């Protein structure tokens, strides 16, 4: 089959165009809804899928990633900027647009220094918890619009409390419209995910609003929606405000890098395509430049919209360009009908999207497989809801790094012991009282040596020596997991070698990689240990150990490959 044809034989270009039309019908209602999270005018949601989509298509690497408005980044900047300016005001819009430009600058720096690997520092566990927390926060934020009541609080917990107290004053018509919206969308997702349920809800509610004049019956609508092309220019922001926006932009960038990289990797693997994450950073930077200069908010690689595009048949960025063209037509000719769209319907659309961010199935799987990581995810979600999204993302990063350091600080340790039946060395969890042979301990420390775990390495090894059944004369270190030694660990290791030598105990290194050997030479461990006690293979290290023990008649046991 030709690469220019789809599996059905349709020319690939036409397939992508059809996919772009389908994507527009599903996602235009969503991007309008995201403006509620961002506290921005509704038309700015359309701007996020106009020029930013084209910019990423021109500069990005991924053939599938859809770059548009995103609930996670919208929640981050709206919660922070809402404290600096009145949401929806001209000053607020300027601050939001400047945040997009700052994100673009930071993403460009990340591209120049090839920092795409930063995506790996947000573990999937805490990212799941972070997105769940954002989902809960957005659900709470939409409830008052769905009930037709007003709240003044910004904190999600206080918003929930105020909304609960306002329930007796809820509008039955607004609540009914919201319930119908959520019901249709959730039923459509379950029974007919390919159908544009969101578009049907938007068109139906606009027709109902115009036919029954709902705005005159207590149902708030969007009101004036500016049509035409966006106005281009730099936002008017003071220097102090610019500095205050930097941590907000940094928070957004971490989410952008992690979420976009994860999404492009998933779909790249599915279609056996190579993804250049650093080139994607350039594409994301260009997309956010387009967003900031056109007066809209930060854009991100969207997992849900990318999945929708792939389900619709999109295989290249032509689908996203088609989406942008449809958006242009809406801006030029169809903004007037949008003015009649009930706000409660928009809130219902966002509420449904937010519910989808709470991955209960994923959290359940984490709890079953790794209870400790599950509580890290829950802690992250709780901080997002109780304290704030910006604090939640930094906590997510800190917890991800803490988890990595904890595993490196407390790695698995093994004693290699000869199997009585097979005559080969087998790794057993290290504990006091074990030995590999009378007078010999073969020890494996399953991590690089650095300042935080070098004391533990020393204590574990000396504990084995002290409690061995027979006086220890030789220790062999299976160094296969160790590829790096830092300055502090090297100093501790030299002291350990000297301590063992004082007790007439030889220390031999086996399976020493070229990287470890370079570190040992640089940190002057080689002359302290002796060049004749460093071996590239474990079996030669064991042979040297048996010579020290005087067991020349016995051949060393066979080494099981690891």
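Keep in mind that glycine also has a Cβ here, set from the backbone N, Cα and C atoms.
Note: TrEMBL annotation is automatic and uncurated.
Because the structure is a prediction, the values reported are computed rather than measured.
For the domain 'STAS' (430-545), the number of residues in each DSSP class (helix H, G, I; strand E, B; coil) is 54 helix, 20 strand, 42 coil. As annotated by TrEMBL, domain 'STAS' applies to 430-545.
For 37-58 (among others), the entry in TrEMBL reads transmembrane segment. Same-chain residues lying 6+ beyond the ends of the transmembrane segment (37-58) with a Cβ under 8 Å from its Cβ atoms: 24, 27-28, 31, 65-69, 71, 74-75, 77-78, 82, 87-88, 92-93, 96, 138, 141, 222, 225-227, 230, 283-284, 286-291, 294-297, 299, 317-318, 320-321, 323-324, 327-328, 330-331, 335, 338, 341, 346, 350.
Residues or ranges marked as transmembrane segment in TrEMBL: 92-113 (among others). Residues of the same chain lying 6 or more positions beyond the ends of the transmembrane segment (92-113) and with a Cβ under 8 Å from any Cβ of it are 38-41, 44, 77-78, 81-82, 84-86, 234-237, 241-242, 245-246, 248-250, 252-253, 256-257, 278-279, 281-282, 284-289, 291-293, 295-299.
Look at TrEMBL and you will find 125-147 (among others) tagged as transmembrane segment. Same-chain residues lying 6 or more positions outside the transmembrane segment (125-147) and placing a CB less than 8 Å from one of its CB atoms are 36-37, 71-72, 75, 156, 159-160, 162-163, 166-167, 170-171, 174-175, 178, 182, 220, 255, 258-259, 262, 343-344, 346-348, 350-351, 353-359, 362-363, 366, 370, 373-374, 376-385, 389, 392-393, 396, 399-400, 403.
Look at TrEMBL and you will find 167-188 (among others) tagged as transmembrane segment.
The transmembrane segment annotation in TrEMBL covers 195-214 (among others).
What TrEMBL records for 242-262 (among others) is transmembrane segment.
If you look up TrEMBL, you'll see 318-334 (among others) marked as transmembrane segment. Within its own chain, the transmembrane segment (318-334) is flanked in space by residues 13, 16-17, 19-21, 23-24, 27-28, 43, 46, 49-51, 53-54, 56-57, 66-67, 227-229, 309, 312, which lie at least six positions past its ends and keep a Cβ under 8 Å from the stretch.
Summarising the annotation, TrEMBL assigns transmembrane segment to 340-362 (among others). If one looks beyond the transmembrane segment (340-362) by at least 6 residues along the same chain, the residues whose Cβ comes under 8 Å of a Cβ in the stretch are 29-30, 32-34, 36-37, 42, 71-72, 128, 131-132, 134-136, 138-139, 142-143, 145-146, 148, 174-175, 177-179, 181-182, 185-186, 189, 198, 201-202, 205-206, 209-210, 214-215, 219-222, 304.
The transmembrane segment feature in TrEMBL is assigned to 374-402 (among others).
Counting only same-chain residues 6+ beyond the ends of the transmembrane segment (167-188), those with a CB under 8 A from a CB of the stretch are 145-149, 195, 197-198, 200-201, 205, 214, 217-220, 342, 344-345, 347-349, 351-352, 355. Residues 72, 75-76, 79-80, 121-123, 125-130, 132-134, 136-137, 140, 155-157, 247-248, 251, 254-255, 363, 366-367 of the same chain sit 6 or more residues outside the transmembrane segment (374-402) yet have a Cβ under 8 Å from a Cβ within it.
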